[in-house]
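As structure tokens, the structure follows; a few thoughts come after it.
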Amino acid sequence: METLLLTLLVVTIVCLDLGYTLECHNQQSSQTPTTTGCSGGETNCYKKRWRDHRGYRTERGCGCPSVKNGIEINCCTTDRCNN
């Protein structure tokens, strides 16, 4: 009986952990804040910032992309950390 209860406890913990989805902001520049659930077990959110002819631009989303010189990027690992 104890073994069965322990097994059920372990299965419950594993299932709850596998169901976790990181949530990141995904609005662009000065738009109203929105969020998205990241897919594929993604563990990072990013905030990318650069300047063009319109001024400073901001992009947010899931992942941690590589960027070219002159583009600032901040990556983080907690829910909605890229605001």
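Placed from the backbone N, Cα and C atoms, the Cβ positions cover glycine too.
The feature signal peptide is assigned by Swiss-Prot to 1-21, with experimental evidence given as support. Swiss-Prot lists CYS24-CYS45, CYS38-CYS62, CYS64-CYS75, CYS76-CYS81 with the feature disulfide bond, giving experimental evidence as the kind of evidence. Taken from Swiss-Prot, the feature site 'May be critical for toxicity' applies to ARG54, ARG57, supported by similarity to another entry.
Each residue contributes its Cα atom, and for CYS76 (disulfide bond) and CYS38 (disulfide bond) those atoms are 13 Å apart. Cα of CYS81 (disulfide bond) to Cα of CYS45 (disulfide bond): a span of 7 Å. Within 10 Å of its Cβ, the residue among the recorded sites ARG54, ARG57 with the fewest other Cβ atoms is ARG54.
Separation of the C-alpha atoms of ARG57 (site 'May be critical for toxicity') and CYS24 (disulfide bond): 18 Å, rounded to the nearest whole number. Of all the Cβ atoms in the protein chains shown, 17 others lie within 10 Å of the Cβ of CYS81 (disulfide bond). For the disulfide-bonded residues CYS24, CYS38, CYS45, CYS62, a Cα to Cα distance of within 10 angstroms from CYS75 (disulfide bond) holds for CYS45, CYS62. If you measure from the Cα atom of ARG54 (site 'May be critical for toxicity') to that of CYS64 (disulfide bond), you get 24 Å. Most Cβ neighbours within 10 Å, among the disulfide-bonded residues CYS24, CYS64, CYS75, CYS76: CYS24 holds that distinction in the structure as shown. For the pair CYS64 (disulfide bond) and CYS45 (disulfide bond), the Cα-Cα distance reads 6 Å. Take the disulfide-bonded residues CYS38, CYS45, CYS62: by the count of other Cβ atoms within 10 Å of each Cβ, the lowest one is CYS38.
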